[in-house]
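What TrEMBL annotates here:
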{"type": "TRANSMEM", "residues": "B:12-33", "note": "transmembrane segment"}
{"type": "TRANSMEM", "residues": "B:40-60", "note": "transmembrane segment"}
{"type": "TRANSMEM", "residues": "B:66-94", "note": "transmembrane segment"}
{"type": "TRANSMEM", "residues": "B:106-124", "note": "transmembrane segment"}
{"type": "DOMAIN", "residues": "B:128-422", "note": "domain 'NADH:quinone oxidoreductase/Mrp antiporter transmembrane'"}
{"type": "TRANSMEM", "residues": "B:130-151", "note": "transmembrane segment"}
{"type": "TRANSMEM", "residues": "B:203-224", "note": "transmembrane segment"}
{"type": "TRANSMEM", "residues": "B:245-267", "note": "transmembrane segment"}
{"type": "TRANSMEM", "residues": "B:303-324", "note": "transmembrane segment"}
{"type": "TRANSMEM", "residues": "B:330-352", "note": "transmembrane segment"}
{"type": "TRANSMEM", "residues": "B:373-392", "note": "transmembrane segment"}
{"type": "TRANSMEM", "residues": "B:398-428", "note": "transmembrane segment"}
{"type": "TRANSMEM", "residues": "B:449-468", "note": "transmembrane segment"}
Amino acid sequence: MVPLSHYLIVSAALFAIGVAGVLVRRNAIIIFLSIEIMLNAVNLTFVAFSRFLDSLSGQIIVFFVMTVAAAEAAVGLAIIVSIYRNRESVDVDRVNLLKG
Amino acid sequence: MNFVLPEIDLGAIAPQLWLTATAILVLMVQAFVPLVTSRSLALLSIIGSLLSLVATLGLWGQEAVLFSGMIALDTFSLFFNVVFLLGAILTVLISVEYLEREQIAHGEYFALVLFATVGMMIMAAGVDLIAIFIGLEILSLSLYVLAGFMRQVLRSNESAMKYFLLGAFATGFFLYGIALLYGATGSTNLDRIFLIAGERGGWGNVLVMGGMGLLLVGFGFKVASVPFHMWTPDVYEGAPTPISAFMSTAAKAGAFAAFVRVFLYSLPGLAASWAPLLAGMAVLSMVVGTLLALVQRRNIKRLLAYSSIVHVGYLLLGLLSGGTEGGASVLFYLLAYTFMQVGAFAVVVYLGGQGEDDLSLARFSGVAVRHPVAALAFSLFLLSLAGIPPTAGFVGKFYIFSAAIQAGHIGLAVVGVLTSVVSLYYYLGVIVFMYMRDPVDLPERRPSAALVTALALAVAGTVEMGLFPGSLLDLAQQSVASLLGS
Amino acid sequence: MSPFIVALIPLLPALAVLVNGLLGFRVLKEKAHRLGVGSVALSFLLSLWVIWQVAFAGARADLVFYEWVVAGNFSVSIGFLIDPLTAVMLFVVTGVGLLVHIYSIGYMHGDPGYPRFFTYMNLFMVSMLLLVMANNYLLLFVGWEGVGLCSYLLIGYWYEKKSASDAGKKAFIVNRIGDAGFLLGVFLVFMTFGSLDFREVFPRADQAAVGVLTAITLLLFVGAVGKSAQLPLHVWLPDAMEGPTPVSALIHAATMVTAGVYMVARSHVLFSLAPVSLQVVAAVGALTAIFSASIGLVQNDIKRVMAYSTVSQLGYMFFGLGVGAYAAGIFHLMTHAFFKGLLFLGAGSVIHALAGEQDMRRMGGLRSHLPVTAPTLYVASLALAGIPPFAGFWSKDEILGAAFKEGQYLLWALGVVAAFMTAFYVFRMIYMTFYGESRVERERAHHIHESPRVMTWPLILLAALSTVGGIIPGFPPEGGLIHGFLGQVFASHGAPEAQHGLELVDYGLMGVSVAVGLAGWGLARFFYISRPEIPGALARRFSFVYRLLLNKYWVDEIYAALVVNPLLRLGRSLRNFDERVIDGAVNGVSFLTVLWGRISDLFDRFTVDGAVNGAGAVVRGGARNFRRLQTGFAQNYALAMLLGIFVIASLYLLF
């Protein structure tokens, strides 16, 4: 059996990848997908703990997270679409009317 | 395998249900009654909120934990329900005129405000991290949409996108924190975490600490505390003004409700670990917010955003002080802050012209001559925010600082006193423009009845809490006592 | 004593504020004074009734209207304390306040902001009354903040003048320094005694450690130093003369600036138990007295002479309090309110007559043109110079006498020298203004006229008070009516208030006081009437001293170099954010792009390692860009968050 720590390291790594993606990519959609990677890294953690602790609730939580992530995707993509309609670009580094 | 059906007591979540039903009704009416005006939808929303308020007051005094340990019914959550509903009602009232002026009067707006309020209520009542998370997301998703509600306006688009990307980013950390706590304690229930978190050693300790720290990040983002504050001015500036008011008051109160519950109720055993962090966040919020507010002259909404960061610093100070006194001071301050901050934004809504392309301080020149009532009300709110007696803001700050002193955080209280002494400078700057500059041409308009009602409510609240704070503070103390079981 | 009537004293002007504030510009306009003056007149009458009750019926009251702030086992009430000290202050505030309000009807006539002026003045009255009537420190602080706010608004009343709005800002900032000290002192009182009520704190004062009491009193005194313009926070008061003259008379001479004196006198129980603080109060007072009197010697702006004189006289009051002569300090506060209020109103009348001229070098020979102003100002000057039997003599002499008998010989000597200077500068003012050749500019000279009666009557009444306001309550020295009256407040707490007959030393000290007063007067007469060429010659001969005094010891310049400029520089660099942000953003983007290229390289090869390294690089790069805060780029904000997380994490690892 694969020990718990392996799962945790992989999910931590996935989470870090997500964070790095958020920080360095310019395209809003890619950034958003990086956030999804972060959420799924968390899901992996939940499932691993759930198995390790022999407690079902961790897996139930994952369903909640997935649902929330889906809702987030709907809202997020809508926001990105409306920005695209107005300025025909989804590059976050061109979006800085508001500052100071 | 036998299933035990969880006990379902819908009466206990009647406030949430009333709001949800109203929100759905608003959506339906908007969809199926083609000629309905936004005013009647606003009225509908307010009736729903009042029903929810009645339900909240009807539940007062009851205590129970329901839905398999997910939702608690206690005075603490009910007190917060009142704060949220008040914020929502005020927001709806100041929205009517704004929506018509900006030509974005769609029914979804009110439904989203109500849904966001439901989310806050769930956050305040949640005794399981998952319930809190769900509440947080209901709140956040509604706010993402509301921030970008002016779809044709680039500023609003930008505000929504920044809020969404950073909010989702913070959610990731928050969720990771829950996962680590779950791993350490085998549960997401606050009671179980309370029992187990204190006595873990070694590896489990690392998980608990990590989880707690990440939760701190999530809450820090939601309440806009330094160093997780940077989105605040941009988002407040771009969002529709009533939504800025809503975000800076009710939404912040929602985050603080969960913040207080998790840290004072569930993790007090770890206070030695989180207290220094919270202290650092509080000091940074007070100092950085003050510095940024001092140099902000371009946009009143940004000024209010930066100053809201300072207020978060005060609230964190109250939270840090802990116990019944500290918790009660947070509750009291949140209520007071709702009145004065929404009031201030209401005046901004009233005086900002269509499109709000100029909200610089210079726009408020000589307002006192043309709109003496608005100027007087605005001065009252600003002086209250600055903590000038005898207003709500003064009493609130006084409670927080005295709780901090009693808890031994004298240095922090001194920082608080000093920043509030300095804060009068930038608030008074606005008043000086209103009273001591020659008037500029503002469009002559009569405020709508809704706006006048909102202003009157906010003025009444600010003055009432300033002059007669006793009974409300008692309520706040009872609420926190019901939470901490003392 | 009926609580209702007591409550009406501040409530009536408060009502006038509301009505004038809302309807002033639209409805009342040039009739705004009816409410403003009427309400103050009514509260003056009510005050007289209260004073009568206190003085002749022996009434004392600690009226609690309701519990205001309740936190746990501690509560603060809204309540008024009525005792002889409050009664004296009520008389000064409402009496002088009423006269100044009446005077303002004439002085402010035709000003476009007429209703605004009366709104602010009434708001000031409300706050000042709260301050002197409060029965606890918190309510006192309410008034304290209120008078500061009104002072700021009224100094900058003529906001189109840049100097006026700058002066307002300066007063505000300097006062906030004092307020911070005061507020911390109040918190320390609360921590020590668990209460802020005077009746709770004072009886238990001796239970606290001397060190704590010293800290409390010193912090409270910082507040007093700011509010009452003592060294080293005196710089705002002379600039505050940019406000309308009635404001200078009421707020910056008679009442608000004395709030610090009142507060220290009210807290005399605490101060008496902290000898170090008392010594500090005495020293600061005496030094301020001589310091600003010396500046007053050479100023040419008539209102600035008054301003430095006020600072100096406030120094005397603190000096008196500091040597334990509390009643004498308050006595001087009262007489000073009469004659300094009169001096300002008279100066206002002169300025009014000369259509705004304030420079004494362009006055002279006005005596015949101003038949009421000139003699009343003369009376006020006699009172200020300490010539018996005018009011100032009795109170000032008592302060000096108390200092001498307390063994504070050095401070006493400073006070005597300052008294000499005082007599000199005030008669210099009289001679430069009213005597000699007219130096008035031609076009102004035709329009010189005495002020209307609504302005001269207050002058006459104040002149009467300046004449008899000292001898009636203050004779015989240290045994007069006012001592019997105030002694009930101060004596009960063991303040050393000598009760004995007049001895030889008293007559000797009195003789010294009279002598220096007359000497200053005579010297001024010699310089400015007999030998007008001497002052110029002296100024040339001792040009360094002259410039030192003329430039007020360069205190403003020193503050500018040490405090203001560094702050301005900081502020400017913060303001440059906006400009720098643009190139900062460009740099930031290119930096992130380069970084991204590097990281995507690593992604392909060692995904996990790359992410970890990349995160490290981002953090390092982020640290470089951290200063460019609000760039408007979402990713920079995310970076800042991440940085916060790393700080938290490293804190964990460290501890």
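Cβ from N, Cα, C; glycine included.
Within the chain carrying the transmembrane segment (B:449-468), a Cβ under 8 angstroms from the stretch's Cβ atoms is held by residues 39, 42, 86, 89-90, 92-94, 96-97, 332, 335-336, 338-340, 342-343, 346-347, 349-350, 374, 377, 380-381, 384, 389-396, all 6 or more beyond its ends. Three or more CB pairs closer than 8 A are found between the transmembrane segment (B:203-224) and the transmembrane segment (B:303-324), so contact between the two stretches is assigned (pairs 6 or more residues apart). Sequence-distant residue pairs (6 or more apart) of the transmembrane segment (B:40-60) and the transmembrane segment (B:398-428) include fewer than 3 whose Cβ atoms are under 8 Å, leaving the two stretches without contact. For the transmembrane segment (B:66-94), the most Cβ-contacting stretch among B:12-33, B:330-352, B:373-392, B:398-428 is B:330-352 (pairs under 8 Å). Here the transmembrane segment (B:330-352) sits against the transmembrane segment (B:245-267); at least 3 CB pairs are under 8 Å, leaving out pairs fewer than 6 apart in sequence. It is B:303-324 that, among the stretches B:12-33, B:130-151, B:245-267, B:303-324, forms the most Cβ pairs under 8 Å with the transmembrane segment (B:398-428).
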